[in-house]
Each structure stands twice: as C-alpha cells, then as structure tokens.
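Notes for the one structure printed next.
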Amino acid sequence: MAQFGFENDIHSILKLDMPITNAPMARWQRKASSSVLASSANPSARSPGKNGNKSLSMSKTPSKTPGKNGKTQCTPSKAGGDRFIPIRNNKQMDVASFLLSKENEPMDTNPSTECQKAWSVTLNGCNLEEAKILHLGGKPLNAPEGYQNNLKVLYSHVPTPVSTKKTRYISSVPDRILDAPDLRNDFYLNLLDWSRENLLAVALHDSVYLWDATQGDIVLLMKMEREEDYICSVSWIKEGNYLAIGGSDCKVQVNLLRQTHSSNVFHLALAFGSRSGYIHHHDVRVANHHVSTLSGHSQEVCGLKWSPDGRYLASGGNDNLVYIWPGVQEGSGRGGNAVHVFSEHQGAVKALAWCPWQPNILASGGGTSDRHIRIWNINSGSCITALDSQSQVSSLAFAPNYKELVSSHGYAHDNIVIRKYPSLTKVAELNGHEGRVLNLTMSPDFSTMATVAADETVRLWKSFELDPVKKKAKDRMVKSTGSIIHQSIR
C-alpha cells in the first residue's frame, strides 16, 4: 500500500493540473485585468451600445502595427508569407511553463535516480532534467509562386556557381625586349625568322643579326656591300641549319651554320618570289640549281609558305590573289599549273600560315584594304571561315600547343591577337608595341613567339607554355616519333 501511495504522490506532482505558484500571469489574465481597469476609468463604457463595444475592441490586440510616417504595416496572414510561425503543441507549452516555474524554486540537492528519470520519460515523453524550455518543430512553408523578397541578402548558403574549366594565364607584358635599330618600316619585307636550333635571325636595314635564345649571345652574320641596299627577307630552311637571305640587289645567298650530325642534306629546295610576279625554284645541291619557274601573279610576290608535308607551296601577291602550287617533284618547269587560285581577298596578301596538325588547312590575311583572315581547305578548294580583323594583317602563325591562330596587325590596331582555332574566337590581345607589327615567328617548341614592329623593337612573348603534365606527354611523343624516323632513314 505504501508503494501505491508513493506512486500516487509522484503522479500528482508531475501531472501539472494544479495552479503553479510564483508563475507569471497568463496573457488572457493580463487582458482581462486591463479591460477591467479601462472600463472603470471610462464610465461611458458601462452603458450598453457602440461605446462599450468600442472599448472592448480597443482592448484587443491590434492587427496592424505602426510604421514609419504614421503608416500601418499589416502582418501577412497568407500562407507562404515572409514570417514563419512554427507549430506549438500543448505538451511543449506545458513543459516550458513547468521549467520556468521550476527556476524560482530552490535547487534540489538530492540527485535524481534512474527510476525517477524513467518515470519522467514515461509520463511526460522526455526527461525534464534535459528538456528545453521551448522547442519549435515543423518545416517552414514554401513561398507562393511568383513571390519576390526585396530584402537585401546578406548571406546565402548556396555557393556561387563558378566555371570548373581552367584557363591559362597569358601575360600582356613581353618576357624580353630586344632593340632593333635601323629597322625598315616596310609591310612587304620579311625581317624575322626562328630556326630549329633556337637561333633568331633579324634583318636590320643592310645587316643580319643572329640572337642565340639559349645562350643570349648576339652575332653579326653578314652585311650588304652597298649602303643603299637592304635586306628584303630572311628564312631558315626546314631540313638543316641553312639561312636564306634575299636583298634588294636581286641576289639570294644561303648561309650554312652549325652543321651537326651529318653532312647530308636530303632536300634543299628553295622558292624565291620576285617583284615581277615570278616564283623560282632552286636546288642548291646541284650546280645547275634552277629547277623551275612558276608564273601566275601579275604583281609583286609578298609571301611564300611550304606546307608541312611539302606537297604544296602557297604564294600571296600584291594582286590580291593566293596561289596554291604543286611541290617541286610534281612541277613541270616554267609555266606550271596552279592547283587553286583564291581571289576573295581585296588587298595585298602577305600573311600565310599552314596548320601543323591539319596539313590541308591554310590561313591567309589581307592588307589594309581587306583586313580579313581567311581559312582555306586545300582539298576542296573552299573558304571555310572568313573573319574581319578590322586591321591590316601583316603575319600569321599557328600555335599547336593550344591549337590557336596568332595574327599580327598594322594600321589601325598595331597589336597581336591570339584566337582559338577553328572558331577564331579571341583568346588574348597583346598591345605592347608602339608601332605597327611587321612580322611574327614561333620558337622551336612553339611556347614563345617573337614579334618585330616599327618601334624598332623585337619582343618575346611566352604565351603558349605547356603545363608540366602536357609537356611530359608531348616530349614522350616526340621521342618515339624521332626514333621511328631515325630507323627508317638508316
């Protein structure tokens, strides 16, 4: 019987069905007391009618709160407003009231036993010693469709989406600047070329200088005999350390430098363009070195480029035409027939470049009156792409490291532009030169380009350096290809 009496006492204590002493006054009690005080202060409130109703309505909680400028702001009552009122069940409110009243009571020095904790959990659904005063449950409602929050967002847990594609950094400042005094400012001259042995040849008026990019040394290679003569073109021959130099005296000389490995030259065919429009083929391995003459241009030949596989020779002239000629082994002497003739350009065509990874693709650029860059498919004889560069195109080169097309420009932009191939979208624009850019050439590893301009400077741009992973893969590919070629030659 004593046990049942103890359980009844505990149940009566935890039931919370008796008034709580020292508890704060409930809200409805405060309203009732305030309404009684208001009615006693206002005698007209005792008479029935509208006045009494008015006093009662004044005691109610206002549905609008005063705002700025005397205006009232309505508390939104629609579902999905900007206020979130959580769900409160009766049990939570009862537990919160009990815990608040318990704070005013003296601390119980006797710790609660495990049996008491179990009874509390059974009766109240939670351990009162660890219960929270107020626990809000339920999920907020979704905002209605079309709702816009005009408040300024200070923090958002949603990360801002960023592009995961890595883009390389292209410096707008040249890596090195070399002086080029007495440089002739002539659009039709080809004054710059870079060899496989990392030698940069630069023509300065009547002299040709070599800059060793590995050691940094500068050497005077040759000088014209007469002061009134000048260098028109310099070009390294692909198969060996031979530099061909053309002068205004209508003479061409071939210089041999740093002969290494073997003295054999497997193919040393040279093509020279003239002001008369003729193109002459020469093979310097034999005494009777003149092989053939190509006739097609009616004016000065401005540019010449061999295709990477040696099958075609592209020529651009001051007559706004681009000719595609067959290789030397397929030529038939004077008056050989051209494979294609392109007449879409409206200005002199000096800039020519073959695509290293697509030997049938040719890029050409027009002068001031044309300003277009055109991409040609030699197999079909059609123009794939045409782009208005808004500037004179003086030189073109493909950059195989990132499959891009580089162009140098004269009037009116005087800059260098890097474009993605084949879309020709602009990747970078380099504006370091203070005069029109006359020529550009690529380094042997295609990581650096050299440009020469009318401001008498040669600038080196490291715009195409590969990352270490891609560079190692490319080196392995080059080594394997080189070993195969060496075995086939032996």
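Even glycines carry a Cβ here, placed using N, Cα and C.
Whatever TrEMBL says is automated annotation, not expert-curated.
Note that the coordinates shown come from a computational prediction; the quantities given were computed from them, not determined experimentally.
Look at TrEMBL and you will find 34-45 tagged as compositional bias 'Low complexity'.
The compositional bias 'Polar residues' annotation in TrEMBL covers 50-76.
For 178-461, the entry in TrEMBL reads domain 'CDC20/Fizzy WD40'.
Annotated region 'Disordered' per TrEMBL: 34-85, in sequence order.
The feature repeat 'WD' is assigned by TrEMBL to 294-325 (among others). Residue counts for the repeat 'WD' (294-325) by DSSP state, with H, G and I taken as helix and E and B as strand, are 0 helix, 18 strand, 14 coil.
Distant neighbours of the repeat 'WD' (430-462): 171-183, 185-187, 189-198, 200, 202, 211, 213, 392, 394-395, 397, 399-401, 406, 408-411, 414-418; these residues of the same chain sit at least 6 beyond its ends, with a Cβ under 8 Å from one of its Cβ atoms. If you look up TrEMBL, you'll see 430-462 (among others) marked as repeat 'WD'.
Note on the repeat 'WD' (294-325): residues 188, 190, 238, 267, 271-281, 331, 334-336, 338-343, 345-356, 359, 362, 364, 366, 370, 376, 378 of its chain, located 6 or more positions outside it, place their CB under 8 angstroms from a CB of the stretch. Across the repeat 'WD' (430-462), DSSP assigns 0 helix, 17 strand, 16 coil.
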